[in-house]
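Asker: Sequence annotations record features per position, and here Swiss-Prot assigns topological domain 'Extracellular' to 1-55, 175-195, 245-261, 315-324. As annotated by Swiss-Prot, N-linked glycosylation site applies to Asn7, Asn12, Asn40. Taken from Swiss-Prot, the feature transmembrane segment covers 56-76, 103-123, 125-145, 154-174, 196-216, 224-244, 262-282, 294-314, 325-345. What Swiss-Prot lists as topological domain 'Cytoplasmic' is 77-102, 146-153, 217-223, 283-293, 346-404.
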Amino acid sequence: MELRVSNTSCENGSLLHLYCSSQEVLCQIVNDLSPEVPSNATFHSWQERIRQNYGFYIGLGLAFLSSFLIGSSVILKKKGLLRLVATGATRAVDGGFGYLKDAMWWAGFLTMAAGEVANFGAYAFAPATVVTPLGALSVLISAILSSYFLRESLNLLGKLGCVICVAGSTVMVIHAPEEEKVTTIMEMASKMKDTGFIVFAVLLLVSCLILIFVIAPRYGQRNILIYIIICSVIGAFSVAAVKGLGITIKNFFQGLPVVRHPLPYILSLILALSLSTQVNFLNRALDIFNTSLVFPIYYVFFTTVVVTSSIILFKEWYSMSAVDIAGTLSGFVTIILGVFMLHAFKDLDISCASLPHMHKNPPPSPAPEPTVIRLEDKNVLVDNIELASTSSPEEKPKVFIIHS
């Protein structure tokens, strides 16, 4: 049996969590029998105080770091894929794996791995509804770096779209819940047995298999949404696995018996399969389509699926007020509008320098003066007939009847 204290000391009114196998019991101290406080209880209360006071901000900082690393990794991986195309090797979209021999691609992969580790920690300390929308920062970083290092165009409207994405993410962070609803691996296992989540997971898995084996071979190279939707749907499983493993690590250092629980091993297998699938199809999308187009659309779909999964699995929105729910939804819609501006107007040549020279309607060119020919001016008509016949001798002669 494991014991964990939820308050700073074992005073009257303090709460005790008792764990026995997969069961949890919450007890309250109603009378002091001894003035001494066990050292073990003091240690756990210190951990609980750190989690309650600083856990949200630690998760927020790790999410910022993760966004920067992931946004930079896309550029490095794209440069590796471009170098692969220059050598004439089989492209990733055609089933080639030549990028595995490229140092630039591996640099991008390791950078992405570091970003995912930071993301891993962020999900362990903060709710998924907070961490996931901060991926908009990686959209901003990826779009800006691609314009400098990949020579991909990013006009004024695209930059404005990036700013709108960041503003929407800020609104979501302000209104998102700060308290986690699942704090132990036993609670995670109980949530995953819920009927609503099981139905949701089965629907995602079936749709993903249809996309991979039926739709992607036919339309994947022509439609950018196919590969991106596959990565986004798989992302729901990877985020749930990351969240569960993060909770497992925290519980391990808290002294809970997580090693004997089967769920961490199942989540590790799910994470390995989902990440490998995501990397494969994201490489195919980056190999064909523009980076500044792939990453924003991927962010919108990925965030939508993950937030929906978090609502169903972790029930993070159940304790939120109507104002916070409306603010979170408004922030997400703002992000979608920013992403739309980022890729819908990417081909327009608009910059700050060109704005003063743009006119609503160009000035009309002066109309030519009409030539007036009177009916009685027979000499002019005859001259026109002669000029027409001499300029194009191959044409058949035309007969004009002049009425006097």
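The backbone N, Cα and C atoms fix where each Cβ goes, glycine too.
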Asker: How about the transmembrane segment (154-174) with the transmembrane segment (103-123) - do they touch, taking at least 3 C-beta pairs under 8 Å (6 or more apart in sequence) as contact?
Answerer: no
Asker: State the residues, same chain only, that lie 6 or more residues beyond the ends of the topological domain 'Cytoplasmic' (146-153) and have a CB under 8 A from a CB inside it; answer 'none' if no residue qualifies.
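Answerer: Hits for the topological domain 'Cytoplasmic' (146-153): 74-75, 78-79, 82, 290-292, 346-347.
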Asker: So what's near the topological domain 'Cytoplasmic' (283-293) in sequence-distant terms, Cβ-Cβ under 8 Å and 6+ beyond its ends?
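Answerer: For the topological domain 'Cytoplasmic' (283-293), the far contacts come to 74-75, 77-78, 81, 85, 91-93, 99, 142-143, 146-147, 150, 152-154, 158, 220-221, 224, 227-228, 231, 342-343, 346.
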Asker: Report, as numbers and ranges, which residues of the same chain sit near the topological domain 'Extracellular' (175-195): CB under 8 Å and 6 or more residues beyond its ends.
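Answerer: Apart from its flanks, the topological domain 'Extracellular' (175-195) reaches 19, 22-24, 55-56, 126-127, 129-130, 133, 240, 243-244, 247-248, 250-251, 256, 258, 261, 263-264, 312-320, 323-328, 331.
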Asker: Pull the DSSP breakdown for the topological domain 'Extracellular' (245-261) and write it out as helix, strand, coil residue counts.
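Answerer: Counting residues by DSSP class gives 9 helix, 0 strand, 8 coil.
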Asker: If you run through the topological domain 'Cytoplasmic' (146-153) with DSSP, how many residues end up as helix, strand and coil?
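Answerer: DSSP classes over the topological domain 'Cytoplasmic' (146-153) add up to 4 helix, 0 strand, 4 coil.
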Asker: Can you check how the pLDDT averages out over the topological domain 'Extracellular' (1-55)?
Answerer: 54
